[in-house]
């Protein structure tokens with residue numbers, strides 16, 4: 001097991017990374033739990049891992065109850081959030097009751113938002129069970145639900161008490177979900193570590209077959225990079241925005257196609273290539289870098305091109321992006337592979353040229 005610590009102005013917390021950690025969750029997490037916990041999982045993850053977690057909490061003397069939600073991005077909304085609140089209130093959860101998010105990014109985001117708002121703030125713990133959530137969404141305190149007009153538009157910055165990433169849970173992931181998570185892994189190399197990007201190019205076949213050692217290295221490096229960035233910029237006033245590489249285009253894809261039609265990681269993969277193409281148009285990166293990024297994403301079983309839809313739809317969705325400031329769209333681009341930048345776009349013609357092959 002490896003342990004990282006995330007330091008933020010609000011508080012510091014550990015990330016536990018390793019194999020076989022879920023049966024140890026009670027002892028590992030007990031210092032970060034109250035006397036009572038609410039386990040929130042979805043109907044897919046609960047049959048796989050809920051029993052193991054319940055047994056671990058019983059052994060640690062932590063009382064608990066469970067709330068089971070429908071599965072999928074399409075349910076990341078007010079209605080499902082209210083199911084969490086219903087379960088908490090029906091079980092008389094108090095302000096010190098710890099919410100435990102057992103699942104992927106959708107569960108983690110919703111449980112975090114529920115924790116941020118239930119009785120004006122309850123503690124929560126992340127137990128991510130997908131690659132995407134282990135390397136990205138479980139760390140850093142971004143919580144949210146979707147709105148029909150835009151992804152993650154309603155939420156809060158609210159840090160967990162701890163994160164426990166058991167790599168064994170990745171063995172039950174469908175191949176498509178594993179690929180989707182790999183998009184975020186590749187994103188880290190592209191935005192800030194060319195050495196890691198090159199390592200991914202070398203070891204992608206082993207990663208896609210869940211090589212234990214290589215997978216642990218990749219998850220640890222991603223969490224390390226995110227922890228370093230979050231420590232410097234908890235609420236995304238500056239460099240934390242780099243972590244949104246590909247997300248402005250990607251969120252537009254998810255919104256246009258309907259939440260869950262394209263998995264988040266699939267949309268981010270295509271979005272990263274579009275961000276590189278935009279940087280090419282601005283003279284900031286090379287066609288060779290864009291091709292190299294696309295090739296690595298494709299090696300992970302990911303799309304490197306977006307679906308086709310009207311330019312006006314792209315603009316409509318991107319105008320709702322959370323990085324928009326003073327009506328000006330801000331994109332995360334690349335100076336080169338391994339070095340991100342923040343670019344303001346006032347001339348939509350350059351966006352049209354970037355997207356032209358897909359209109």
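In case you wondered, yes, glycine gets a Cβ from its N, Cα and C as well.
The candidate list 171, 247 contains one residue that Swiss-Prot assigns to the Zn(2+) site with 184, 264, namely 247. Least crowded of the binding-site residues (130, 172), judged by neighbouring Cβ atoms within 10 Å of its own Cβ: 172. Of all the Cβ atoms in the protein chains shown, 25 others lie within 10 Å of the Cβ of residue 247 (Zn(2+) binding site). When each of the binding-site residues 105, 108 is scored by how many other Cβ atoms sit within 10 Å of its Cβ, 105 comes out lowest. Checked against residue 74 (NAD(+) binding site), the binding-site residues 184, 247, 264 differ in C-alpha distance, with 264 being the nearest.
The closest partner of residue 71 (NAD(+) binding site) among the binding-site residues, by CA position, is 264; the full candidate set was 184, 247, 264.
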